[in-house]
Amino acid sequence: MKPQSMGQAVLIGLALIYLASLYFMSSPVWMGFTINALIVAVVALAWNITGGFGGMASFGHAAMYGTGAYASAILQVQYGINPWIAFGAGIVAGAAMGAFIGALAFRYGLKGSYFALVTLAFAEVLRICASSFAITGGGSGLQLRLEPGLSTLQFNDRSVVYTILLVIVALVMALTAWLKYSRFGAYLIAVRENEDAARALGIDTYRIKVKAMAISGAFAGLAGVLYLQVWLFIDSAVVYGSAISIEALIGPIIGGAGTVWGPLIGTLGLHLLGEGAKHLLHNAPGLNFVLYAVVLICALRFLPQGLMGLAARIGTFRKKEDDNA
Amino acid sequence: MLEVRNLSKSFGGLKAVSDASLDVPEGGIVGLLGPNGAGKTTCFTMIAGFTRPNEGTVRFMGQDVTGLPPHRICALGMIRTFQIVQPFAGLTVQENIAVGAYLHHHDRTEAMAVARQVGKRLGMGAMLDRPASSLTIAGRKRLELARALATGAKLLLLDEVMAGLIPSEVSEIVGIIRQIRDEGHTFLMIEHVMQAVMSLAETAYVLNHGKMIAHGTPKELVQDPAVVEAYLGHGAAARLQEGHHA
């Protein structure tokens, strides 16, 4: 988690200063905006596990995000289950959905764009299902009853919500850092770099990949539940729509896939950019996605390792031999 | 240590390997030779579990391992390397070796310590912190060996570790392989570089068109007419003989 260069330290510092400044700005608009960005950052961190470390670029993280949100909402609205238990159930449901998609896709050896397409298909199928059945509230979605309190996990005070989200993002990042430097992380990176070599070295690559999907699914499910608890309303387009799948992958790619800080920095940067453009161009709807596309193309062309990779080359702390890695 | 019996594999109508048998005694260095396309690598992939043979059995240390997945076979102590070396580019040399060491050492500190030790044994001490992508071909071949050794494997299947090396690098690797053998490991190696085979292998098998055509010491093999013909074409042995007599 430690920065490796002056550039990375500055980048991380800027993100932290922005996040801390919200406590002093007392602007509900910026607070709401950043709360949204932090929820997206959790999905981005989820995508980073499979897409960043494992090299399995999913185009359908909405499948796990939405499943987490719907599982929690159904339990609370339809069955009156305690929100804390529903919260946990949402995470488990996200993990289960991730493991299920992974088990199916990897059983048939899907990779690269084929894997991306299958995940997208899963998210779309789930979106259509969620808008068709009564238990998911059909086209009108599900609404939690407004009942602020610790027992219902609903908070009126936006700065409390914000603080909780900051803590959760920090926890997910700490888990990511721990995973990165564990045996599982090393195996996941080995699978990304060369699956055959990994198999030869005694790695059960199928199991590693499904496990990665389950962990990623748990994080995405967590993000879905957070969205539900913050905004108290979900419908199929919001939580299963492809917008969230795109945001899940674009943040890590811009920020630096396979790094601990990249997904958060990329997501914050993109959201600020999108918001700025909206103000400049008078709220033209969908314009932020046009902008994201331009940034994504530029990042893929000029920043293969994202902002963290770029920053790593500025003022390196450790003296290294001249190599072009 | 390794007994391969009547191994066969066809791809469509093509018989890549048919009825191949070989034995590798514990502590030995056994060569597997043959011209291009003879089926050597296919043989390796079947022994190491990457492809399932149509017929035949592979027994490792008395246990039938035919058709087991590679990771299970590796856990038992048999590992293959690849002809085209592929380091994990995003990792350092030490982290690369540690991926092998993680097989039996689940803790990072332990795995990294094993990796450091194995790396030093193979003369890679100075390169441990370098990104694996910065290694030369010779360095990558060493890394491939180091990774395999770090898994704690007893039997190493080497697929052309000498290919693409200059003679001085070949003699270095030959020295390293001897040293590893003396530490108690066994080798089965596919090799084209005859200098290496002649100086390393105690016995060797020759494959041609998927069939085992000869078995013996390297000295015997180079004089075997069937082997000479496999490499130089039909009638070559007779012509060479004439040349000698003239």
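Positions of Cβ are set from backbone N, Cα and C atoms, glycine also.
Any TrEMBL annotation is an automated prediction that lacks curation.
If you check TrEMBL, you get these features:
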- A:7-24: transmembrane segment (TRANSMEM)
- A:30-50: transmembrane segment (TRANSMEM)
- A:62-79: transmembrane segment (TRANSMEM)
- A:85-106: transmembrane segment (TRANSMEM)
- A:113-139: transmembrane segment (TRANSMEM)
- A:159-179: transmembrane segment (TRANSMEM)
- A:212-234: transmembrane segment (TRANSMEM)
- A:249-273: transmembrane segment (TRANSMEM)
- A:285-303: transmembrane segment (TRANSMEM)
Contact between the transmembrane segment (A:212-234) and the transmembrane segment (A:159-179) (3 or more Cβ pairs under 8 Å, separation 6+): yes
For the transmembrane segment (A:30-50): best-contacting stretch of A:62-79, A:113-139, A:159-179, by Cβ pairs under 8 Å: A:159-179
Same-chain residue ranges lying at least 6 outside the transmembrane segment (A:85-106) that approach it to Cβ under 8 Å: 60, 63-65, 67-73, 75-76, 115, 118-119, 122, 153, 206, 209-222, 224-225, 228-229
